[in-house]
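Right, one structure below, let's go through it.
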């Protein structure tokens with residue numbers, strides 16, 4: 001069987017030999033094999049003119065014996081040639097070794113495996129001392145921070161794992177002397193790994209010099225090399241394959257055949273005929289790199305800001321109003337690029353095929369990359385802001401004098417809380433009332449009591465008439481208002497006052513009768529009793545507030561109970577009273593007259609409404625954001641209003657701007673009871689149940705672009721807190737920066753500057 005296989009193989013070999021011999025053309029029989037160096041030249045010739053012939057194939061060797069004989073002959077020839085070559089190599093090596101004597105001589109022995117001779121070199125002695133004592137031991141610590149070895153006596157380890165001790169280095173004086181003695185010291189640098197100074201090469205010095213003069217470090221860099229025109233010139237134009245043929249319908253209509261195929265697969269998945277193969281896990285355990293970056297708890301970085309969307313002017317076919325005229329185009333071209341409102345001009349094309357390539361694409365991409373590179377998006381957790389910079393820069397209180405800063409005198413009532421007080425128009429007298437029904441008239445300069453009146457019930461409010469030609473004040477008690485004339489006034493003023501309050505002929509009665517009655521006292525010439533009394537409707541309650549008009553002919557009262565919200569407007573000359581509101585939303589707390597215009601301010605619990613009395617309509621509703629309004633006052637200019645509440649808020653309104661507060665101040669710790677602007681000085685005061693009085697500088701400018709200047713100046717403390725009540729009312733002296741306050745401790749205090 002083996003003989004048959006061998007004969008078959010031999011026949012196949014003969015057929016292959018015949019095929020090769022017949023297929024090789026005769027014109028390639030004399031090929032010349034050139035080396036790489038010789039093939040480079042065109043006229044290359046062979047060595048000594050001798051040409052090696054391509055070995056031919058003997059087609060006569062058909063028998064197996066001939067083939068084996070030829071093979072044996074070739075093996076013998078090859079072995080002989082190898083022996084000759086080995087002999088030549090040995091002789092050459094021996095001659096070279098005898099001449100150089102560098103390497104040890106090898107021994108020629110016979111191999112036990114192959115039976116042939118081979119060269120064997122002697123073994124290398126591992127203890128042979130081949131190290132050079134002049135070479136420095138290199139530091140093998142790798143790329144690590146060298147400051148880890150600052151506190152250690154060594155600076156690293158060599159290749160054998162031995163410590164490399166730190167070389168001794170002198171002090172700064174030794175370094176300086178060494179640089180003086182060594183002229184090349186300035187061209188060396190300190191190597192941290194070797195802990196020694198190493199000289200810099202010429203190339204490194206040249207790079208340092210170029211960096212110092214702001215040049216490119218590479219000496220072979222040419223910044224002015226000619227530009228390569230990639231898309232300019234003949235044959236480089238970009239040809240766009242355009243076709244006018246209509247697009248086929250299949251490009252925008254979904255394929256029904258694909259839909260059927262997809263639905264068939266979906267049904268098979270739903271019915272369980274197709275089961276997705278689970279991903280095969282390569283390993284049972286998952287391994288993690290312990291040297292990778294540690295996991296962080298910080299949120300992922302913020303996404304890049306999106307570019308702005310194009311507008312109508314950037315369309316290829318914009319409306320006509322977006323297209324610039326010829327003058328606008330010339331003006332746009334004459335401007336600098338950074339001064340232009342936009343960096344393009346709208347253009348109009350009849351079709352999208354006529355739109356050329358975008359000429360600003362590269363520039364916009366470059367600017368976009370600059371924005372992303374130069375403006376990194378970092379989510380700041382904490383802002384490094386100096387707290388002092390958040391405090392507004394306010395002037396010093398010493399530069400805003402005068403203002404009251406100390407207690408001058410105290411006027412004491414017998415008993416009861418000083419709930420109300422008022423200052424005369426000349427600023428010399430003060431009248432105060434307490435809850436026991438006593439009304440006291442006293443001098444502000446010395447605190448001496450001049451006159452005292454006694455009424456039945458509480459004193460709800462006291463207010464002096466603002467007129468200068470007459471002199472009287474009114475006192476509000478339960479369901480009545482009394483007119484009193486102070487003593488020791490000039491006879492001319494006394495006669496005018498009596499003629500006003502108790503005229504000989506009474507004015508005619510109004511066409512519409514009023515439930516308020518005006519009654520003149522029989523003994524109107526006596527100062528011990530009221531000269532005139534206004535009786536409010538029954539069950540009106542105690543008048544908590546009396547507000548005078550600037551001319552002194554009208555005044556308004558606010559009572560705790562009664563119809564029409566408890567608000568009545570009285571006219572002294574006509575002896576007539578009327579209720580301005582038929583129906584009021586909410587409970588009215590306070591009212592005020594505008595100092596210059598016929599406007600009327602009405603404050604409910606949470607809102608302040610402004611009415612025009614001449615036109616009888618509402619103008620504005622202010623929303624201070626206070627739960628319960630307790631006090632209110634208007635600036636002498638009439639453009640600003642302050643509102644205080646029981647929730648400790650003080651709101652400043654600019655009536656020309658908005659219905660929301662311009663400023664909200666929270667300086668008191670308890671409910672605010674009273675507010676008052678100074679008639680002439682830029683000051684206002686607020687009192688609270690915490691027993692303190694806050695003095696503020698409030699300068700209002702005529703320029704509408706300048707905001708009011710509000711500066712806290714002084715905190716006045718001198719009243720005691722009784723039963724949770726502190727300072728109940730404050731009033732300014734008209735001609736001096738003095739303040740008069742009345743508290744729940746029964747004291748009326750004068751504060752001077």
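Heads up, the Cβ atoms here are built off N, Cα and C, so glycines get one too.
Given the structure is predicted, the values throughout are model-derived calculations rather than measurements.
According to TrEMBL, the compositional bias 'Acidic residues' annotation covers 34-46 (among others).
Annotation comment: TrEMBL describes 47-62 (among others) as compositional bias 'Basic and acidic residues'.
Under the heading compositional bias 'Acidic residues', TrEMBL lists 63-97 (among others).
For 108-117, the entry in TrEMBL reads compositional bias 'Polar residues'.
Per TrEMBL, the feature compositional bias 'Basic and acidic residues' maps to 120-130 (among others).
The compositional bias 'Pro residues' annotation in TrEMBL covers 297-308.
Annotation source TrEMBL lists compositional bias 'Basic and acidic residues' at 326-343 (among others).
What TrEMBL lists as domain 'BOP1 N-terminal' is 149-404.
Look at TrEMBL and you will find 1-139 (among others) tagged as region 'Disordered'.
Positions annotated as region 'Disordered' by TrEMBL: 293-343 (among others).
For 411-452 (among others), the entry in TrEMBL reads repeat 'WD'. The predicted model assigns the repeat 'WD' (411-452) a mean pLDDT of 89.
The repeat 'WD' annotation in TrEMBL covers 665-706 (among others). Beyond the ends of the repeat 'WD' (665-706), by six or more residues, the same chain brings 397, 400, 402-405, 630-637, 639-640, 642-652, 656, 712-717, 719-721, 724-732, 734-735, 737, 739, 741, 743, 751 to within a C-beta distance below 8 angstroms of the stretch.
Using a Cβ-Cβ cut-off under 8 Å and counting only residues 6 or more beyond its ends in the same chain, the compositional bias 'Basic and acidic residues' (326-343) has close neighbours at 313, 360. Summarised by DSSP class, the composition of the repeat 'WD' (665-706) is 0 helix, 21 strand, 21 coil.
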